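Below is one structure, written out as structure tokens; comments come after it.
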Amino acid sequence: MVIPLFDDDTGLLILAGMGDTVVDCFEVSASEPFLSQVSHCLTDTSTRGVAMVPKVALDVMSCEVMRVLQLTDSCIVPISYQVPRKHSGQEFHDDIYPNTVGTTPAMSAEEWWKGGNKQVEKVSLHPDKQPKQKAPPAKQMPAKKELASGGSKEPPTVLQDPTRGCSTSSSPLSSPSSSAVPSRSPSSTSGLSSGFLHSPSPSQSAKAIQSMMGPTSKFRHIQGAVMHRDTHITNLRGLNLTTPGECDGFCVNRQRVAVPLAISGGQIGIFERSQPGRLPETALSTIQNSVNVVDLSWDPFDTHRLAVAGDDAKIRVWQVPEGGLKETLTEPEVILQGHTEKIYSIKFHPLASGLLVSSSYDLTVRLWNLESGEQVKLLSGHQEQVFGMAWSPDGKLLATVCKDGKVRIYDPRKSTAPVQEGPGPEGQRGARVVWVCEGKYLLVSGFDSRSERVLYLYSADSLSSGAVASTSIDISPSTLIPFYDPDTSVVILTAKGDTRVHIYEMFPEEPYFIECSSFNSPEPHKGLAFLPKTECNVRDVEIAVGLLLTKTTIEPVAFRVPRVKKEFFQDDVYTDTAVCWEPALTASAWLEAPKEAPVRKYLPSSVYLEEKTDEQKKEELLSAMVAKLGNMDDPLPQASFEGVDEDE
């Protein structure tokens, strides 16, 4: 539910959704464009209610034109909207403060009932024209008794200023006379007559707010944005919208996208990322899989190799030629056979090349060596459908979540039975699993007994103890598909058919989850798949880039961290990242179970941007400032003007 608040004097409309962390401000006009956005305010906590402060309580000398109070779960937060003016605080600006409706009633209820139509008298907001209120007589208060222990008096109660606990992401757009920008800084609320008392010192207020709101996250205000249309692939036709719930819907790598098509023969469209734009109306070259596609995955170490699981219990491995498909492929490179019933899902190993794992309706999980084309391991222990699988970051362990209500961890090289087992989600609609926090925890997205979508966090060392933490998301039939970025500990979740993308930062200790700003797509999407970290534009402080699949388009979406000084490399955001595009060892070497686990190479942060010394950063900042000011050596414009001779 969206709560509207409208101010007749300024024509400003406030829209705040119940449960949302966004408060939008629009200007309403009688002519086109009728509605134009003025600001977009991101709040730290969800909104439970909003109310507008009366006009007479505004700080008009600071050009405050509106103040809204946001009700959250634990505090009331004032949001102040101020018009930037040159002489703000020194003079009253009549153009933004017309006479407003006063507080004296125009008539009584009996007069209105008899047909009276008097209007409330309007008053000026000029400080000099405000009626002086008489101070109420002081009441005689009984003296407080001193405490028995120590004789000290009871300390006074201080209402802390909650404005320090929130921040904004605003874009000041033009209004008739000026631009209204929401201000949430402590200075902007000084001198307000709304009844909020300031704390004795900023440091005490910050501590009080932090203790009340809990830990903060530098990714709390992360922003998702669809990239420019020039990067989109459009005019998609005949998408397969009935892939199983265990399938992500499509898969991507840094060069190309694979999308199942609803065409007989289990055809798969391959689209090159280097060739965006509108697809031709003519028939496309595809991969002819011959049977319906149930899941597909790109080899992380070979951008040309695509593994496809079919409903005939076989896995076909295809090799896409350099430059993309020029003709339809009908012969796979390898066919893997061993499952006796339809396959659920497939996953490549994160460290070993040519190693694939699959789960099936025959209740088995099998490992395949693509180098030999043979099955090398068969894992047992599942009593029902396997909803999801995930390899640990070091590649040693395999986690599964099952319809039988169990979460299991396998060490495939040591045993075919699970080495750990614990209670999983109660709901049986579906689930996904991913390793988080350096492999110390398992994050499971599933359903509870009331069919509400919930995130569960398990300790990888003690699954039998159950979930150490959980957080409810919403009620929806689709399973949330998690993407975890190990560099930032941020998990991004969405489901097929959703319009909202949820974002959380994960912690190995309480509170475990911190909810960040969400991203909303304009229409329900069919899937969201993410690219390697090297595809992020560090100059825009992107921490993740995904491809959003809709009915007719593939659209890149960037998730950015708002930063003021983007000229500098944000080394607190970009830590050394894993070289996930190069294998640490072969499948045969991994199967030999070496005594020492292979160490994955890490790419230094200099791969994003050349590391700079402090002197280089200073020079870069000075250069940027000079560029904005202009070249001081250039001649002034008036030097080129034609004048008159001196004797004239």
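Cβ atoms are placed via backbone N, Cα and C, with glycine included.
Automatic, uncurated: that is what TrEMBL annotation is.
Under the heading region 'Disordered', TrEMBL lists 120-214.
For the compositional bias 'Basic and acidic residues' (120-131), same-chain residues at least 6 beyond its ends with a Cβ under 8 Å from one of its own Cβ atoms are 55-56, 58, 60-61, 92, 94, 97, 99-102, 104-106. Taken from TrEMBL, the feature compositional bias 'Basic and acidic residues' covers 120-131.
Positions annotated as compositional bias 'Low complexity' by TrEMBL: 167-195.
Among the features that TrEMBL reports, domain 'DUF1899' is placed at 213-277. Taken through DSSP, the domain 'DUF1899' (213-277) splits into 4 helix, 22 strand, 39 coil.
The repeat 'WD' annotation in TrEMBL covers 336-378 (among others). Sequence-distant neighbours of the repeat 'WD' (336-378) (same chain, 6+ residues past either end, Cβ-Cβ under 8 Å): 244, 246-247, 294-302, 307, 309-317, 384-391, 393-395, 398, 400, 410, 412-413, 416, 580, 583-591, 598, 600.
The repeat 'WD' annotation in TrEMBL covers 379-411 (among others). Residues 245-246, 344-345, 347, 349-352, 357, 359-361, 363-367, 417-426, 428, 430-435, 438-439, 442, 444, 446, 458, 460, 463, 479, 486, 584, 590, 597-598, 600 of the same chain, all 6+ positions outside the repeat 'WD' (379-411), place their C-beta atoms under 8 angstroms from a C-beta of that stretch.
Broken down by DSSP into helix, strand and coil, the compositional bias 'Basic and acidic residues' (120-131) contains 3 helix, 2 strand, 7 coil.
When DSSP labels each residue, the repeat 'WD' (336-378) comes out as 0 helix, 26 strand, 17 coil, counted as helix, strand and coil in that order.
Averaged over the repeat 'WD' (336-378), the predicted model has a pLDDT of 95.
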